[in-house]
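> Sharing a structure, written as structure tokens. Questions coming.
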Amino acid sequence: MVVEALQVVHQHLMVSTRADKSAESNSSAANGVKGAKDPKKLEESKASPTPPRRSSARIQALQKAEKLQKAEKALNGPNAEVVKENNCLIDVQARKGKKRSRKRGGEKSMVVEEENVLPPKKKPLACGKGEVEVENGKEEPDNANGAFGDKSDFVKVKETIRLFNKHYLQFVQVEEKRCGKAEADAEQIDAKKPSQKASKSKKGDPPQDSKTTAKRPDLKAITKMMGNNEILYSEKRIGSIPGIEVGYQFYSRAEMVAVGFHSHWLNGIDYMGQSYAKAYSYEFPVAVAIVLSGMYEDDLDNAEDVVYTGQGGHNLTGDKRQIKDQKLERGNLALKNSAEQCVPVRVIRGHDSSSSYSGKVYTYDGLYKVVNHWSETGISGFKVFKFRLRRLEGQPTLTTNQVYFTNGRVPQSIAEIRGLVCEDITGGQEDIPIPATNVVDDPPVPPTGFTYLKSVKVAKNVKLPTNATGCKCKGSCNDPTTCACALRNGSDFPYVSRNGGRLVEAKDVVFECGPKCGCGPGCVNRTSQKGLRYRLEVFRTAKKGWAVRSWDFIPSGAPVCEYTGILGRTEDMDSVLENNYIFEIDGLQTIKGLGGRERRSKDGEIPEDILNKYDDQSSESVPEFCIDAGSTGNIARFINHCCEPNLFVQCVLSTHDDLRLARVMLFAADNIPPLQELTYDYGYALDSVLDSDGKIKQMACYCGAADCRKRLF
């Protein structure tokens, strides 16, 4: 049955022999031994007051054999079965269900027995009537439960990708510092006299290359996640991955590794090896996922039906040419075994995308079955293995077409916009026009009842502080150790210059360069001051009123827009009960963690001279100032709430140092694909809003998120 073939796979906890090997190897390493391969080292690991005596090769061989037998007996005991695998002695006590490991402390060694309850082996999947059957399981391995608690699978995936992006941007920042320092050093060398250059070269110092290609921050990020045990599904899975539906888009191969969707950042075929033999009764290896990205000249992609060229033998320079024969091993053998044992394979298509920060976008197109395999002479005259894969029926429609990535229905001009009711709600105030569309109402109407305002307007009873003292950098701020603005941000710049400027991570407050700084408008520390950079659209929804989406891809950490309106005192707004466009500026309260707010910065990160101004207000949980966008505001007033938003709020200071009057910016929390609605969390506490009679006021939430709270307030 088709329905049976498409049941979602939730695999049981994988028990990997790789872990057994690792435990044995670590135990042996602590004893100075690699497994039990070298009995001489095993004996030497015991403390001895004198070094061993030298002897002939024949005597050494006899001693080695005798010690090996003793080591096996001591290691395994009378009831154990000894299996030699990869030159390591593996202790298998199948009857008692126990495993033995060695721990050494100082000169003493002790044997510790641990209960090792193995799950029953899973039987091979049955192939019937040409369909692939998929098993069901309910146990969540790896970090799926431990690190995320009761959150939905979709949230687990989203938060794991966010963590990857954070690590990624941190390593981008490190690389930008390295490249900046190399360029500065090169300029200093060029400025020196020829005689000085010559004298330095005689000393044998290697030349500094300022144009060295930057290291791979994406690979460093996944390496860090592996070291921190932050990979969501570190054990490989057959079938679908919880939280990743057909059509999900990854913006780098490293993102797939971070969530465990495809475990290698380069290889096209991901497969389970012999280490999974304890959990499954398959013949290994078996393939679980492939990436179609046009790397091989013999590939043929007809969407629902794919002829996939096996791995190996092609030119790694990128011209796709085959330069030697392929072998039936590793991934090729895994695909063959998947075909013969009816194991479904996840198919991901990779396509060039100028809007993606990695230059590629990878779309999950669903489960395929390997229906045939053969070998032939390829276009370049070398032996290649071919695998025909056919998409399982009943899955959602493909979101990629052949080898082209489509962004949906992104209009290329005003004439192509469906339901257009206003060509530009800004009236020409923004550099990029913002159209409004309405295909919900009949007749369609444009957004009304407000005046567009590009920047904040200050109320008459509010006085902004004088401009703060700026940095003395020239041109652009590069050195965080000397830039006064960087020192306020914790001795580092909050942004990286990649993709036009991206915030590395959310902070309580960001200190940007201002009007009194020596740097120019192109400085990276002025990222939020550069206006709109993405093509935005206001569109009508059925239940949420007006909403906002982007026609462009927005990378995580990128500034989207500022929240503008009338800057006034909160106490003056209390009488406006029906105004849902009031935004409280709570940067000070966030720093102090008041009113249930979550702190972002550690103690000492915010300069004390700034915090000390507000000691008399340390217990105030209600912000003193707010922004009212009810009658006047910008694009931000149309952005809806979501319980799982893709934007976050960030307070920014640039023209002064008063935390109570900080600018309110909205930044991308995720890599946001085109046409996805832009949302942020309004931050209401349930039952916190009262009506004119003092009764609790409630409003339903229609965000549609997997973990929706069902109420806005």
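Positions of Cβ are set from backbone N, Cα and C atoms, glycine also.
Automatic, uncurated: that is what TrEMBL annotation is.
Feature list, courtesy of TrEMBL:
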- 35-46: compositional bias 'Basic and acidic residues' (COMPBIAS)
- 64-73: compositional bias 'Basic and acidic residues' (COMPBIAS)
- 130-141: compositional bias 'Basic and acidic residues' (COMPBIAS)
- 239-391: domain 'YDG' (DOMAIN)
- 469-531: domain 'Pre-SET' (DOMAIN)
- 534-683: domain 'SET' (DOMAIN)
- 697-713: domain 'Post-SET' (DOMAIN)
- 17-150: region 'Disordered' (REGION)
- 185-218: region 'Disordered' (REGION)
> Per DSSP, what is the residue count of the domain 'SET' (534-683) in each of helix, strand and coil?
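Breakdown, helix to coil: 30 helix, 47 strand, 73 coil.
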> For the domain 'Post-SET' (697-713), give me same-chain residues lying six or more residues beyond its boundaries with a C-beta closer than 8 angstroms to one of its C-beta atoms, as numbers and ranges.
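Same-chain contacts beyond the ends: 151-155, 543-544, 640-644, 679, 682, 684-691.
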> Using DSSP, what's the helix, strand and coil tally for the domain 'Post-SET' (697-713)?
0 helix, 2 strand, 15 coil
